[in-house]
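Working notes, structure below.
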Amino acid sequence: MVATGGQAQKQSQNQKPDVLSPTSAVTGLPQKRYYRQRAHSNPIADHSFDYPARPEDVDWRSMYPSIQQGQQVSFADIGCGYGGFLVTLGEMFPEKLSIGMEIRVKVSDYVVDRIAALRRKCADTGAYQNVACLRTNAMKYLPNYFAKGQLEKMFFLYPDPHFKRAKHKWRIINQALLSEYAYVLRKGGLVYTMTDVEDLHKWIVTHMEEHPLYERITEEEANADPITPKLYQSSEEGAKVVRNKGDHFLAIFRRL
């Protein structure tokens, strides 16, 4: 269902969990135990989403109250989970607008409430006005939100590996989707990928290296990037991998 203007965003921002979800008395943040949901969602299923017909219809001000005239979203965390890395991006790049895109309703509700709580806590400094979360299916509707060459950075951190061969087509990195990502990513922009599944890592590297619009950056470039250390445990999934002493597989690609 196509929604005009900022209708889709306002609906996403106004969504609340089915039960009253108290905040932590210590942190003042919403508690994840009230927002539990399955680890993954079928991206091919016919979920009911409202989405803009074109990027010009997106009402970004409903998500970024302090957005400046002409300012655009620069960073997109695709499948942002519970928003740990998204919040880190907001702290690292206060002058940039970052959006988290998450398909799971309760998880996206949590991130929206988390950001709202952080904004209240930091009302005197205006922190976290530069981050927001949107519930949508990025595999279907990404070009509805972003103009050609708009994004500087895209992040795919610990995506669903879809282990069964029959479900590989559901993986968020594939040849068709890589062309869509290239469309919304500016030349010289970066795609960051991180997973704890070696087979998925090899799949990602193979597909991106085969695509004519990407090149993998060198290890030296990756190590010099201030974002790289944050990829390992800023997200909740990454922190879990660290706790379990699991492997991390990183690959960063440049848009040609």
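In case you wondered, yes, glycine gets a Cβ from its N, Cα and C as well.
Because the structure is a prediction, the values reported are computed rather than measured.
Straight from Swiss-Prot, the features:
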ACT_SITE  ASP160  active site
BINDING   GLY79, GLU102, ILE103, ASN137, ALA138, LEU157, SER235, GLU236, GLU237  S-adenosyl-L-methionine binding site
REGION    1-24  region 'Disordered'
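Annotated features taken from Swiss-Prot, shown on the structure.
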residue: GLY79; record: S-adenosyl-L-methionine binding site; DSSP (3 states): coil
residue: ILE103; record: S-adenosyl-L-methionine binding site; DSSP (3 states): coil
residue: ALA138; record: S-adenosyl-L-methionine binding site; DSSP (3 states): helix
residue: ASP160; record: active site; DSSP (3 states): coil
residue: SER235; record: S-adenosyl-L-methionine binding site; DSSP (3 states): coil
#### Entry: Spatial separation of the residue listed as 'active site' from ILE103 (S-adenosyl-L-methionine binding site) - C-alpha basis, Å
12
### Query
Once near-sequence residues are set aside, which residues in the chain of GLY79 (S-adenosyl-L-methionine binding site), 6 or more away, have Cβ atoms under 8 Å from its Cβ?
MET101, GLU102, ILE103, ALA138, PHE156, LEU157, TYR158, PRO159, ASP160, ILE172
### Query
Across the listed S-adenosyl-L-methionine-binding residues, GLY79, GLU102, ILE103, ASN137, ALA138, LEU157, SER235, GLU236, GLU237, what is the farthest Cα to Cα distance, given in whole Å?
20
### Cβ contacts of SER235 (S-adenosyl-L-methionine binding site) (under 8 Å, same chain, 6 or more positions away)
GLY81, TYR82, GLY84, PHE85, LEU157, TYR158
